[in-house]
Structures are given as C-alpha cells and as structure tokens.
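Trainee: My questions will all concern the structure given below.
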Amino acid sequence: MTIKKYTLLTALSVTAFSGWAQGNNTTDNNNEMVVTANRFPQPKSSVLAPVDVVTRADIDRWQSTNINDVLRRLPGINIAQYGGPRQLSSLFIRGTNSSHVLVLVDGVRLNQAGISGSSDLSQIPISLVQRIEYIRGPRSAVYGSDAIGGVVNIITERETLGSTLTAGLGSNGYQNYNGSTQQKLGDDTTITLAGNYDYSKGYDVVAKGNTGMASQPDRDGYLGKMLWLGANHKFNEQFSGFVRGYGFDNRSDYDSYYYPGSPLVDTRSLSSRTYDTGINFSNGGYASQLIGSYSRTQDYNYDPSYGRYDQSATLDDISQYNLQWTNTYQLGLGNVGGGLDWQKQTTEPGTNYLSNGYEQRNTGVYGTVQQFVGPVTLEGAIRGDDNSQFGWHTTWQSSAGWEFVDGYRLIGSYGTAFKAPNLGQIYSSTYGNRDLKPEESTQWEAAITGITGPLDWRLSAYRNDIDQMIATRGVYPNSRYYNVEKATIKGVEWTGSFETGPLSHQVTLEYLDPRNADTHEILARRAKQQVKYQLDWQMADLDWSVTYQYIGQRYDSVFDPITYAASPVKLAGISLWDLAVSYPVTSHLTVRGRIANLFDKDYEMVYGYQTPGREYYFTGSYNF
C-alpha cells in the first residue's frame, strides 16, 4: 500500500468512526481500522508498530475455547500455564514479564487482582470476545504503566445485528452453551445481550507430584458463567452514547502444596463485575470520547471442605474506578491527539496479604501525533503520570517510516516505558516494600516491511533494556519485594501472510534472547525459538483450519518443599498441530469440529504441570 492511500484513509478516519472502543472490520486487512495503537482510529497499514487483529470470525474458524488458545497463535507471544484451561497462566510478549502487558477491555484498563500485578487471561470467557487488537512494543507514552511489552485490547461489543445460539461438547466432560443478540429499538438505539455457561470435569494437572508437592489424584475442572448487556444510542449527527455492564463468575480446581493436618487450599472462585458508560462527539475533523468505568474483582482461594470464609482462605478484593477523556483532531496530512486518564484502586483488608485496606490514585495526561510528509510517516507520543505512591513519571516514544520504494518501508522507533508496583507489592505485611520504585525500560526497534508479489511481510529486530525490575529476595517467610534485577532482551521476528489459490497462509519465525543482565541467565519460561503457521482454506463447502506451533526449549525452576530453594530445570521443545473444520448445514446452522494437539504430544508449559493431551470438540451454531 502506498503512502498516498493510507494518508487519505487516515484523514477520513475521524469522521468515519462512530465508536472508539469497538474497532471496525473491512474486507481488506490492511485497510481495517484499529484504535489501540495511538488511541485514535487509523488504518492498520498506517501504524508503524507491529499490529495484529483477531476477529470473531477467526475465533470461530479456529474454534478456540479460551483466550490463551487465540493469543498463542500471534507473533511475539509465549504462554505459560499451570495445566489446562482456567488454570493460572502468564502471558509474555517479546520476552518481557507477564506484568509488562497492558490488558484493556473495550479500551479500559482491566482490573487486575493478585500480588503479581499480572493479568490472568485464562479467566476471561472466550464468548465475551468479539475482537482483539494486539500491539507489540512500548506503549506507556500512550497508556501509562504496564505497557512495556505490548497492549492487548479485548473488544466485547457484537458488531452485527441478529442473534446466535451455540452449544458445544468436548473432551474431559467439556460443555459450553452461549447466546447473543443485537437488536434495533427504533432508528437510533441498539441493544445487545449475551450470556455464556461452560463446564469441564478437567483432569489431574499434577498427576505425579513432580513439582515437589505430594501427589493429589483428582480432577481439576472448572465452571463459568457470564452475562453481558449494553445499549448504544445516537442522539444526533454529532453525539452518541453507550452504557454497558458485564460480569463473570468462575470456579476452578487446581493442585496446591499440602501440609498434613492443615487445610488443602486447591479451589479458586473469581467474581468480576464491570460497568461502563460513555459519550462520543464527532464534528468535522475533531472527535472526542469520555468514558467512566467501575469494576470490582473478588478472587478467593480456599479449601472447599472449610469454605471461602475460613481463616485458611485468601481473598483479593479490588475495586477500580476509571475516567478517561480522549481527543483527536485531523491536522494537515495526519492527526494529533491527547487526553486525560484518571484511575483509583482500592483494596479491602486481606487483599494481597494486606492487613488494612489501601488506596492508590493515578492521573495521566498524554499527547500523540502522526503526520505524513511525502514518503515519510512520523509518529510521536509523550505522557506524564502523577501517582499517589511514587509521584511523577514521564515517558515518550517516537517512530519514523520511509517508503523508499512503492510497497516497501523502513521503520525505526525508540520509546520508554514503565511498570508501577501494585498495592500488594508495596504494603503487604508478608512481602511488601514501601520503598519500591517503578520498573523502567528503554526500547528500540528497526524494521522493514514489504509486499512482494502475494507476500505481505515484516522483518523486525528489537532490543529492550529493563531496569529496577521488581523481584522477591530471601526465602519464605523472610522474602520481600525489591528493585534488584535488570533484563536485556534482544529479538528478531519475521511475519508473512500470502495466498496460493484457495489457501491462506500466515507464518511467524522468531528468535528471542531474554536474559538477566546481571547473571546472563535466560529468563524463565521464555522460548528462544518459535515457529507459527496458520493455514486456512475452503473446499467443497468445508472450511478447514490447520495450526502448527513449534516452541523451543525453555528453563523453569523446581522448588525444594522443605527449604523452598529453587533449582533450574529445562523444558524440552515441542511441535503442536491442531485441525479444525466447519460445515454450513443450512444458511443458519453451522457445525464445527476440532482436534487439539492432533498427535497427542506430552509436554509442559510450567514444570510439573501436565497439559491435556489430545482433545476433541464438537460445536453447533444457529444464526437468525
């Protein structure tokens, strides 16, 4: 795509876009609009950072049963999970920590419970997801804390009128039932309702007790329920508004350390509620959006024999208030943007091992710019955050792209980012340290993109230096959080997509060197090499999908059950294949089948925790 074409698309984007949080699909993947990169709508092809978009059609074609199964297919992502679906998981982008990933839901920061400060995406129902926008690289200058490795924006709004009912069955007693509908009330109001129920008997995620704990022969299953309700209203040609609320309740079983004579805490019960409302304004080249949001997450871990309210149980109870005002203005051959973010988090006593309730507030102000100057694209952003705990923090980033030949572009970028410590890391009587400072990073990336015949490709090389990393020091019960580590992460990444007749191909080749800058040890649970291949085609009314992933060897730790001392252990590399097929029985009814881990490979993503092995799924969907 030439500079002239996406300059025109960007110039038209402000007036063409009706809802910033939702994104927009088009038939041309390069021209589809994304909102996550710079917080204003722009064609995907005009964004200098690497961007991937997953639609609901992709999720249905791949027949993914959880968000981690979707994200593992995308470039730059490693996932470590303590077993199978709904077990605790970590998401690593380009070798950074799982706490270095900013997760948004409909453009609003996800409420994160837990002392690690990481988002556990295994708990978000896949039926809630209508679209995912995924940005690799630093984005703290746009969003503030957490966006060191990248940003994942989960969009929940159904994009088309109509109704869908789905039922599915699968291995390990898996059941899923969900439905959604979007209907017009008059000419200017749209109502959306969705619900989901899923269940699995599960399997024993630690069958042999080889994590150092005693063997606990049982099934580690889960049960989840979700409800989503929203309304959009167009007041006139300039103003529109929305209100939405959603919640989910999950219960999952896991294997935990057991001490004879004491309760066995091996059940997690997570309840999450979120309520958003907002108003959009658009007039000529100017657009503005104001959103207010409230969410509360309650995360219990307990022994079901004693109950959630026994003294052996733990509860992370966090409320989050968000207010964000976003503006963009068409200026010249590009856009300028800016806005204000305000957030308050409060905790109840007991959360993250806190003896008292605490509160943390953050106010951020930012500005962005994108301009086209002949064959050159320029991007920049700057942001300041005032945090009630650690004060003022400034981040910035800049990028430039030069289309030196029609269809080929050189890109260079540099940016700073940070991760603020959470309330548990600061105030916990067990692990806390009130002198903690934010983690900081500096990153650069050089890339070349091109369209060579049918092949649309990108080659990137990057380096990320992270300082003041937060980690525990000492052996339990005398361990504390400190700013003690540094990391240097280097990587090379090639992505390409092309079509050969009816076949659609997507390929990712990655080499990653993530190291502790002081000890030069490889960071845990990151693969140095990954190969990902997605093949989709249609034949005789059958839609086929084949997924291949090679994950190189990784390093993990095994802990002595008496001394808690850690020893390194190597996890072998693995090649995984998935096969999925769907068939439209009628114009309304589609049946789908999937085999996950086609060759029944035995592997681990976290040492000692089993993955499910080969699994079978069958689903039917009815649209009307």
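A Cβ is built for glycine as well, from the same backbone N, Cα and C atoms used for every other residue.
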Trainee: The Ca(2+) 1 site in Swiss-Prot includes Gln216, Asp218, Asp220, Asp255. Which of Asp198, Asp204 is also listed there?
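Mentor: Swiss-Prot lists Gln216, Asp218, Asp220, Asp255 binding Ca(2+) 1, and from Asp198, Asp204 it also lists Asp204.
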Trainee: What binding-site residues in the list Asp204, Gln216, Asp218, Asp220, Asp255 lie within 10 angstroms of Ser90 (cyanocob(III)alamin binding site), counting C-alpha atoms?
Mentor: none
Trainee: Through the lens of DSSP with three states only, how would you label Thr314 (cyanocob(III)alamin binding site)?
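Mentor: In the DSSP reduction, Thr314 (cyanocob(III)alamin binding site) maps to strand.
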Trainee: To the nearest Å, how far is the Cα of Asp220 (Ca(2+) 1 binding site) from the Cα of Asn97 (cyanocob(III)alamin binding site)?
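Mentor: Cα of Asp220 (Ca(2+) 1 binding site) to Cα of Asn97 (cyanocob(III)alamin binding site) measures 27 Å after rounding.
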Trainee: Identify which of the binding-site residues Asp218, Asp255 has its Cβ surrounded by the largest number of other Cβ atoms within 10 Å, counting every protein chain shown.
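Mentor: By the 10 Å Cβ neighbour count, Asp255 comes out on top.
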Trainee: Within the domain 'TBDR beta-barrel' (160-624) only, compute the mean pLDDT.
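Mentor: Mean per-residue confidence for the domain 'TBDR beta-barrel' (160-624): 92 out of 100.
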Trainee: Considering Cα atoms only, can you say which of Leu88, Asn97, Thr314, Arg525 is the nearest neighbour of Asp255 (Ca(2+) 1 binding site) among these binding-site residues?
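Mentor: Going through Leu88, Asn97, Thr314, Arg525 one by one, the Cα closest to that of Asp255 (Ca(2+) 1 binding site) is Leu88.
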